[in-house]
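Below is one structure, written out as structure tokens; the observations come after it.
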Amino acid sequence: WNVRKLCFEFDSEPYYQAIDDKVKKFCASTSVETFSPVSHTIYDPADIIRKNGGKPPLTYQSFVKLAGEPSWASSSVSTGVTWLPTVGNIGRCSVIDVPSIEELGYEELPEDETTPFKGGETEALKRLRTSLSDQEWVSKFEKPKGDPSAFLSPATTVLSPYLKFGCLSSRYFYKCIQGIQRNVKRHTSPPVSLLGQLLWRDFFYTVAFGTPNFDRMKENRICKQIPWRNDDELLAAWREARTGYPWIDAIMVQLRKWGWMHHLARHCVACFLTRGDLFVHWEKGRDVFERLLIDSDWSINNANWLWLSCSSFFYQYNRIYSPISFGKKYDPNGNYIRHFLPVLKGIPKEYIYEPWRAPMSVQVKAKCIIGKDYPKPVIEHDVASKECKQMLHQAYELNRRSNGIVSVEELESLRRRMEDEEDADQQQCLKGKRLK
């Protein structure tokens with residue numbers, strides 16, 4: 001109980017290392033021997049950081065170069081019984097009951113659809129065998145390719161939840177992929193290959209492990225300081241699938257119902273919330289993903305939001321996922337949208353991604369009036385994306401001039417200036433409409 005209490009009370013960084021240190025110290029004081037293997041990742045993040053002079057590598061390429069071949073990769077994977085001793089006599093200690101859904105802080109809500117992905121090691125190994133049985137698919141796997149609208153038969157392995165919870169060993173997965181690659185004449189390579197995806201996972205773990213305040217913008221040395229909007233209404237519309245953009249809303253419905261969606265679908269909704277359209281703080285979106293994703297992993301979730309908001313790792317903020325054309329490229333008929341947003345199932349395919357453009361006669365026939373049965377767009381994408389680019393340009397300039405050390409006053413001053421410019425643009429737009 002005391003060890004568990006130490007873990008729950010801890011609330012500073014670096015998170016996992018400090019918990020380990022406290023538990024080890026407590027055990028040492030009670031003459032309890034501790035053994036701390038690193039097995040949740042392919043490499044030991046501390047070793048990589050030590051090789052890099054005490055700092056985590058900040059690019060995938062530098063990480064891979066430092067990491068090299070895993071020391072255990074040439075050995076066989078053990079499937080035998082562990083050497084851990086039996087529990088022994090537990091005295092009067094009772095077995096703790098599994099907490100209920102309500103005790104964990106969730107409500108037991110009636111849903112018309114639940115996640116199709118079952119938990120546990122047996123299911124993880126079954127899914128692993130199914131995914132790797134097609135050696136040609138494994139050898140040709142290339143991220144970011146794949147169909148984000150494929151939901152009945154996802155275009156990826158969907159092994160991330162099992163890796164996250166330890167139902168599947170990343171090292172065993174690594175060895176299985178290696179075995180297939182030896183048996184084929186040609187295969188893709190990192191960073192786009194299936195093996196490369198496991199390396200991405202370790203890269204994010206390593207950066208997260210070695211970066212104080214990795215899960216926030218403030219006092220995070222690798223994060224751009226950006227004056228994001230504090231707009232609870234826009235955040236709620238995004239979170240509750242009420243943006244008026246069917247592609248975005250369908251993805252958010254899948255998230256709420258399944259707790260999982262394709263990586264490109266995640267990219268779309270994360271970009272839309274932050275640098276693409278709504279300019280809402282990435283930490284707000286991170287919190288929603290953290291609560292709803294069945295594969296939510298602290299290191300990877302924060303890293304992806306830093307990346308997709310162009311706050312770190314990736315800085316090409318002019319490249320924006322369109323909430324209209326991107327999904328249409330994969331699913332022109334809108335089958336994905338019709339499944340997760342049945343209110344739109346009667347809308348013809350030429351309007352399914354932009355239902356507000358459908359004539360009223362079409363809306364009536366489809367029994368879906370935009371603005372009544374399904375919301376109008378919360379923003380105009382073409383206008384909003386242009387404003388987002390301008391705001392990010394100003395924020396990047398501020399970070400450049402300040403060498404990354406941006407004060408609270410500077411950030412607030414830029415926020416006020418952006419709001420004034422936005423108000424002026426809106427007034428000009430209204431004036432133009434009146435003149436017409």
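Quick reminder: no glycine exception, Cβ is built from N, Cα and C everywhere.
Unlike curated records, TrEMBL annotations are generated automatically.
Of the candidate ranges 97-116, 117-136, 417-436, TrEMBL annotates residues 417-436 with the feature region 'Disordered'.
Model confidence over the domain 'Cryptochrome/DNA photolyase FAD-binding' (195-393) is summarised by a mean pLDDT of 97.
Of Trp228, Trp282, Trp305, all annotated as recorded sites, the residue with the shortest Cα distance to Asp202 (FAD binding site) is Trp305.
Closest to Ser160 (FAD binding site) by Cα-Cα distance, out of the recorded sites Trp228, Trp282, Trp305, is Trp305. Across the structure, Trp305 (site 'Electron transfer via tryptophanyl radical') and Phe204 (FAD binding site) are spaced 12 Å apart at their Cα atoms. For the pair Trp200 (FAD binding site) and Trp228 (site 'Electron transfer via tryptophanyl radical'), the Cα-Cα distance reads 27 Å. Val158 (FAD binding site) sits 32 Å from Trp228 (site 'Electron transfer via tryptophanyl radical'), taking the CA atoms of both as reference points.
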